[in-house]
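Engineer: Sharing the features that Swiss-Prot gives for it:
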TOPO_DOM  A:1-26  topological domain 'Cytoplasmic'
TOPO_DOM  A:48-74  topological domain 'Extracellular'
TOPO_DOM  A:96-107  topological domain 'Cytoplasmic'
TOPO_DOM  A:129-161  topological domain 'Extracellular'
TOPO_DOM  A:183-186  topological domain 'Cytoplasmic'
TRANSMEM  A:27-47  transmembrane segment
TRANSMEM  A:75-95  transmembrane segment
TRANSMEM  A:108-128  transmembrane segment
TRANSMEM  A:162-182  transmembrane segment
Amino acid sequence: MKSSPAELISEAKSSTQNSKMKRAVSVLDFILRLIAVVATLASAIAMGTTDESLPFFTQFIRFRAEYDDLPTLRLFVVASAFASGYLILSLPLSILHITRSSARRTRVILIILDMVMLTSLTAASSAAAAIVYLAHKGNAKANWFAFCQQYDSFCERISGSLIGSFIAIPLFIMLILFSALVLSKR
Amino acid sequence: MSTTIDMPGSSKAAKAGKPVLVTTPSRPGGWKKGVAIMDFILRLGAIAAALGAAATMGLSDQTLPFFTQFFQFEASYDSFTTFQFFVITMALVAGYLVLSLPLSIVAVVRPHAAGPRLFLIILDTVFLTLATASGASAASIVYLAHNGNQDTNWIAICNQFGDFCAQTSGAVVSSLVAVLVFVLLIVMSALVLGKKH
């Protein structure tokens, strides 16, 4: 069955359009990865450098708050730093995808790794968000006091550092979306 | 004994030189069909896990047998905003999984079509995030209930409300099982999309 010349030309046109689209998506992927690196790094640093001492103290106790005091916030710092490191290491792979649009196996690996990092980052940041919510509101039934009333700047710091990771999470979802989109085009 | 099938229509068309429409038989599914069937079964398991998590948390309630003159010691999922969020989100996730079953069946019937797979992988990622967020935030509250925190003077309420604690812990574990199943589903979808043939 011979294809006519017109059919061959139209096939060639659609395949160049396809590769252009793949290249554009790969460039977008790289840019989003850079933004996510900045977001997760800022999150980790903002949470990791928290330290506030209240100006009053009794004879025995010094009132001091840092992220280390709450194990969930410690987990958040570790997970944010881990996500940031992974994103930096995946930048070369992303550049490879820009230059070679037809790479399939590496894209599958990237989807799987991105998804694992998305899961761990989401878990750590939502656990930290639950703790920060508790710090703001407390819980009357469990008699858990809202320590934000005393430690103002510590509270602001830990609340603000969550923003970075909540920017990075939709970016991760979009990265997975882009990789899947490119894979589905033959 | 041989049978001959006389097809006058096709021979006429061939003589006239017009193209004859021949439908190609669909390619055998191979391993992609197996993966799609596995996907469907895992989805059913995830529905059970998500519904179990939502139900267990929603029905968690414990009233202590002693009481003072003014109030009774009671703990239910209602007392914690995070647990309310957990119940609603897990119900949403279970609803999505039920609605995605037809799409999964389409993927079984047509193993080589990229459209259903792409749709499934994107929606699975979104709901994976939702399930992880609710499971992890509830887990941090449960951890606090078990261990308390000395620096913030938060008491571990599990020492008093043992039953409530066990129910909420079970619900959180069930939701993490659902998250694990989601991860497997996405990995399988990615592998199927990644093969050209």
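Even glycines carry a Cβ here, placed using N, Cα and C.
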Engineer: Kindly state the mean pLDDT of the topological domain 'Cytoplasmic' (A:1-26) in the predicted structure.
Structural biologist: 79
Engineer: I need to check the long-range neighbours of the topological domain 'Cytoplasmic' (A:96-107): which residues 6 or more away from its ends have a CB within less than 8 Å of a CB in the stretch?
Structural biologist: 19, 22-23, 26-27, 29-30, 179, 182-183
Engineer: Using Cβ atoms and a strict cutoff of less than 8 Å, what residues sit near the topological domain 'Extracellular' (A:129-161) while being 6 or more residues removed from its termini?
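Structural biologist: The answer is 42-44, 46-47, 49-52, 54, 63, 65-67, 70, 72-73, 76.
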Engineer: Should anything in the same chain at least six residues away from the topological domain 'Cytoplasmic' (A:1-26) have a Cβ under 8 Å from its Cβ atoms, list it; otherwise answer none.
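Structural biologist: For the topological domain 'Cytoplasmic' (A:1-26), the far contacts come to 94, 97-98, 101-102, 178, 181-182, 185.
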Engineer: Below 8 angstroms Cβ to Cβ, which residues of this chain, lying six or more residues outside the topological domain 'Cytoplasmic' (A:183-186), approach it?
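Structural biologist: The answer is 18, 21-22, 104, 107-108, 111.
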